[in-house]
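Structure record follows, encoded as structure tokens.
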Amino acid sequence: MSLAVTSLRELAQIQHYYGFRYVLNPSVHEQIFDKLKLSKTYPKLDKLKVLDLYPGPAQHSAIFNNRYRPAQHVLMDMRPDFVKHISGLLEQDKTDKPAMQLYRHDPYDWKSYTDLTDADKILVPPRKGPEAIHDEFLIMANLTGMIGEGLFMQWLACIGNRNWLQRFGRVKMLVWLQECTAVKLLAKPGDHLRSKCSLVTEAFTDTKLVATMSNKKTGTSNFSEDLMAEHQPVMFSPQDVWLPSGKPLSLLEINPRDHRIDLDNFDYVTKHLLILKSTPLYESLDSLGHGGKEYFRQVIKDQNLLEKCPKNLTLSDFLYCTELFDKWPFKPDIYLDFIDVFQDND
Amino acid sequence: MLRCSRSCYRFHGVKRLIGQLRPLSQTAFLKKPSMNYYGLESGPSNDDIGFLKSSVVSMAPGFGTFDNAQAAAQAGESRNIMNLWSLLEACLHSGYMDRAFSILRSLYNLKSYRASFIDDYNKYLTKFAENATDLKTVDKKLFEDLQKTFPAVDYNDKTLAILIHNAIKLSDSKETRSKHCETYLRMAVSGYRGILSNVEVLTIQDYRTLLHDLGLIEVHDLPAELGPIVVASGVSPEGTEEPKRTAGGTHGITGMAKDSPEFAFDNEIKTVAKDAKELLAVDTIGMKVVRHTLLGLSLTEEQRKQVKDFNFETASNLLNFEEGQSNIDFFEIHRTLKTDEERESFAKALDEFNQDRQHQLEHRATDAAKERWRHDFEEAKARGDLSIQKKLNVKLWDWFNQMLPLVKEEVKRCAEVANHSVQDGSLSAKEKKQNKAREDYGPYLTLVDPEKMCVITILELLKLNSTGGVIEGMRTARAVISVGKAIEMEFRAELLLKNEAHVFKDIKKNSHVFKLLVQRARNTFRSMKIEESKILWPQEARAKIGSILISMLIHVARVRVEGTDPLTQEKIQGEAPAFSHGYQYHNGSKLGVLKIHRSLVHQLNGERLVAAVQPQLLPMLVKPRPWKSWNSGGYYYTQSTLIRSKESPEQVAYLKAVSDAGAIENVYRGLNVLGETAWTVNRKMFDMMSHVWNTGEPFLDIPGNQSKLVLTPQPPRDADPSVHRQWKLKNKELANEFSGGRSARCDANYKLEIARAFLGEKFYFPHNLDFRGRAYPLSPHFNHLGNDMSRGLMIFWNGKQLGSNGLKWLKVHLSNLFGFDKAPLEERIAFTESHLEDIKDSAEDPLNGKGWWKQADKPWQALATCMELNAALKLDNPCEFISHIPVHQDGTCNGLQHYAALGGDVEGAKQVNLMPSDRPQDVYSHVAKLVVARLEKAAAKGDETAEILKNKITRKVVKQTVMTNVYGVTYIGATHQIEKQLSTVFDDYKHSYELSKYLTKHVFASVRELFEGAHLIQDWLGECAKRISKSIRLDIDEKAFRNGNKPDFMSSVIWTTPLGLPIVQPYRENGKKQVATNLQTVFISDPFAVNPINARRQKAGFPPNFIHSLDASHMLLSALKCGENKLDFAAVHDSYWTHASDIDTMNVLLREQFIKLHEVDLIERLKNEFDERYKNYLQIIKIDKKADVATKIVDLRKELSQKLGRQFTLADEIYMEKKRVQLLESEDPVENGEGAEMVTTVSLLGEVEDIALLEKTSDASGIMVLAPLKLPQIPPKGDFDVKELENSKYFFS
DNA sequence: AAATTCTCTACCGACAATATCACTAAGTATTCA
DNA sequence: CTCATACTTAGTGATATAAGTAATAGAGAATTG
């Protein structure tokens, strides 16, 4: 028996969406799963555990579940309206072994995950090595809401750190994000949206644009031609999205990489250099600390590199700078790199 | 003497009459407040302490450069004009005449400022004439300019003064000189005096020429202050007599009458002192006299030796900044003098000495710093000790020397750009851009001596170390603006000095009395000069020059640093820039940061902060310049304004208007009393603190010397994100604590340093006001508003015998400082008397004794009082003790006192001691009691929450909320406060929060019950503010309608305090913009922009601000009266201080003033003022759709819409209504009739009897309509009569 | 015109985002009839 | 020589930045379709 796929009518009754948007067109989801070829990553579907974060209307969950029949499929959500909706949905599943289960915790809270895997042991993924993508665990999430971008950035950091759910191995994530976030994450050198998160994405993950919304008027997307050609994403129309108003969204497939990057220095260097992203390195390096200009001009022999602007640098350029930075005898204390704007006293 | 009317003279064809230039006097524009406004008050009366006169002035639109009624329309122009003015000034002083002229053209085109254009032109002409070599050039220039370039402008008396000065200077013969001068004098607009009053143009020599050589004027034509000086030269041109001394010379100058002095005029000094150097030279003769006087006093041998050894003639003895070096202890002399006569002559001599020192202090500060650096450098060099670990000052001297040529070069470049002597062609794009920028900041950069700019830059940056939450450095934005501001301040001071030098350039004061005379004239002159200057540099210009200078310093300043080799882990020595510009993020926003290298920071921590103390803003050695106008008062060479304006041109405009009308004299007087209170440092306390400080250990509120910030170790990479988060938080907390501790220590350091400098000195605090009229000392760091430590360091200079009541009050004071202040006076006295042993112990051995004083609420002040009391009690008759300690009398919840008086709440009044009682009432306990009563009642009904809470309620739980209630604390805010208290009892946050929410409701209700009337008034004030800030002026600018039919509201709440001070709430949306500077862009607000109102803040701020404006008035009135009664008086808002012996008198006076203040129905008066000020303003209301008027309005809108062929907008509606009102107010009966005929949406509404009946609350659907602004009715007042206060001894206690 | 979402939360003294790019308006040079 | 057009430049506005929404929650204003 397959799970019912929620109709649009039902969903219209849900009041609060907190800025989240969901694709509610089964065929789009089918196309997406066609494209993803998940059975390649997860050859033993009967062992696959899926964590579905902010599932909302859970249409995609149902479709996914019907299609792959994973060993375990946990939906984590805490928003009252959706909890109600999902509970209703799950009640229809009268089998002894329910296909999906709801875990009523806030996906924003780190504690929810330790509870899930350690305390409550609801979903316990096996630990896998760094050699390959985890083949028994998949994370799906919708982070199209207001807090989504911030949360995703933290998850990215978790991939770098190998903590959170990523401590179980290189766990694939399918994440719905606002299109503008996805654009930033996938920005290439030279793109004016090239930013720290683009570098982090590039450094820690192999990320693909799986699907994206077509522009209302032009029918094209806001991603560059190159990128569209490279990723060939599934396109869906604004009408496939609920709520009807809001910002466009995209689906990313994130495959964590095995890396050995000096995280703190990398973080410091990228953060600071990308502030003056259009200033040539020979100038912008000075903002790394006292005497930065002198030091780097001395140690960077490649004049071409010095002429480049941070936004044009490749990941390896940044890694090179990070390395040099680490070797700098007079480098500043990177752990004091913050400011208390209002040091209130009362 | 025959005087032609000016019309009979043709000056090179300039023929327009002055009358045409000023067709109407300013007052002609003033709209007379309507009769009923006067009517209610039955016209200005002698009883008016300021309110009436002032409110009438400020009610009239059309004053000043900032017209309330046209605020929005003129905002752009107003900003423009300020920038142009400041640029014009800068260009003139830099000698960029062409550029200056083109600015004049721009100014000329701003029609609304045409009236003041001639002033700007005069400035230009002055400069032009200075450079001219013959008379004709100037005449021709003036003719051409006024005839052709600026035809709509006519000259004024100042123009003529310039011409006269020029004629005297350039004429080759007496005839030409005479002819020209006579001609010019005849052209006078308002008589000879009009011309001759321009003392900043004419020199003493000029006056003398006119008076004696040419005989064109009479003595009575001269400005009063100058008369004697000018005449003197005529009487005894050769005279160089020393002033006569009274026999024995011991009484110094006392024997001389100032009005008939014998003058000395030095004819030998003919050369013009171009720069201000001469004026700065120490006045040798004056100092000799001072010294002589001092030695004539009955001094101890030691004191005599001090005076003898003291070098009065060098500027280096300004203040005692160096440890170990000792100045004369003037206080000790003052204290030990025996007779009044001696004291008086001492006071005079000291004052005279201090006049000079003050002058030096305000001027020589930067030089002094530089000299110190150089001195240390030379010394180190002599020792051959220029090694690696340089002393700080040696380093600074080094930077200074490296920076100087760069600055000079930059100044040169700027001059080149300004003179167009740069060929653009050969320059790179970058250089071109830089030159473009130079055009902007160049004029400002060339104004101040490069040496000074370097010193200022270095000092400012050192001063800003660890500010703005940066751990080792500062915010860039703050740095660039601070440096810019400091440069501007320097420029202003120099300018003033230069002008002064110009006027008095011919005078050499080799006579003592003559010098005094000149000093007096000079002070007057200075006031005039300061009043005249209205120009301030735009924030943008400040930021730009600040950034230029800072970037140069960054470039040159280097320090030795130590690093670690990444491979070998060995220590490596190196060199790095001392400053580094970078960025840090805060919540995703970038903040520009100027980092200071750690090695320098360490060095700075070890230094005493002598160098960085802002010398311009120290306490003053002489009485502050009395307040005379909105921008004249306080320091002598440093300009300060009466009100600390929050970049609100509106505030300034209102202030100017009433200031010019002379309507706030009482405010000035009150402030002057505060400024005239003489202080000195409590030496014993200083020694104590200094000792404690030097140990480096934490002690009371002085934090210890922490050397290094130690962070916690990083958790393993794969630890849970929440662990990482905690780690980050912990580190931030550590850093925060560290930098907090450091800045606290730094602050204490400043205080001690300033105190050290003023040991034994007599000093004063100049005050100004915040926008609500509360007074604050101008000097930061060390003042009586500071913390316990600051206060403990200060005593009155004058001593007064305690007397028996004084002794009692001193005891009460000590009790109060211990926090034992809620009991009757007798009990407080008893408290002190029961601790006499402790007091003795504390006073005599504060550190090693029992340290009883440390238990006090305010330990430092308590210790000071212990010492005082102990010293008094040692006398046979303690009542004869001469006491210097200020004794405080604090209002018990002063805000509520005013509210209770306004609302007439009997019980409330009683609880805040407005009514006589034998015990002081404690309003907090009373409220707690009321709350408990409520809880018990609820608990009796079975309310479980009440049951839990009912025996947890203490005074402390409700105190903060009762207190902040006056400030309009919200329900949420109060809940937090109460939760903080309850959290000590209940562990679970959720639970305690729930309880707090519940309790807050009851606390609010109880306060409301107790102060029923007061709360109605609070609500009423809030409602008024809300409606006003959501009201629409008829002549609103169309731009305000940019977002559809919803206008930007522009009216702020404005009222007049009882003393006549107009108050404009400055809360508007912040209109900050990014401004590019050399280092980065900075985000600053344009001070001249007029932004939409922030209605929320207007509403929330008005009730407390109104009350504060009342307590401020009360304070100033009390100050005034205390001044009249010869009391030394100081105040911290609602805490009034005077000598112990004068407390009784002060208490009577302050109660009288409170009664006087509240005898008038202030609320009614406020409503009248509002009704008048906001007459014809509109508001948007929602009325019932079905009402008749509603239909009519809809129909009218439709009709007009059809006529127009487009949507009939709100703007149109307002425009129509404006037309109607204009017609109605017209003098022309025809127009009047038209107005009456006219039908607008507003007039339709006017036909309805009671609009309020139609108003719809949100539920039903209605339509939005414009209605005349109507403020709610005044709530009823309770029965309390303020007269009852007269005998309430615990009112302030 | 109604509903959702955004902001602010006690007053004053008091103290502050910034880099970059796209777009527009205005000014300037160039070129062509 | 003038006009028109391309090109420059100055000024304005929008957007991204980092990355726990600080512990908390309700009223009132602002936005939005």
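A Cβ is built for glycine as well, from the same backbone N, Cα and C atoms used for every other residue.
Keep in mind that this is a model prediction, so the values were computed, not measured.
Record features (TrEMBL):
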BINDING   A:Val23, A:Asp77, A:Asp106, A:Asn142  S-adenosyl-L-methionine binding site
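Neighbour counts of Cβ atoms within 10 Å were compared for the binding-site residues A:Asp77, A:Asp106, and the top value is held by A:Asp77. DSSP assigns A:Asp106 (S-adenosyl-L-methionine binding site) to coil in the three-state reduction, placing it in neither a helix nor a strand. For A:Asn142 (S-adenosyl-L-methionine binding site), the Cβ neighbour count at a 10 Å cut-off comes to 26, with all displayed protein chains included. In the three-state DSSP scheme, A:Asp77 (S-adenosyl-L-methionine binding site) falls into the coil class.
Across the residues annotated as binding S-adenosyl-L-methionine (A:Val23, A:Asp77, A:Asp106, A:Asn142), the widest Cα-Cα separation comes to 21 Å. Sequence-distant neighbours of A:Val23 (S-adenosyl-L-methionine binding site) (same chain, 6+ residues apart, CB-CB distance under 8 A): A:His29, A:Gln59, A:His60, A:Trp176, A:Ala211, A:Phe236, A:Asp240, A:Val241, A:Trp242, A:Leu249, A:Leu251.
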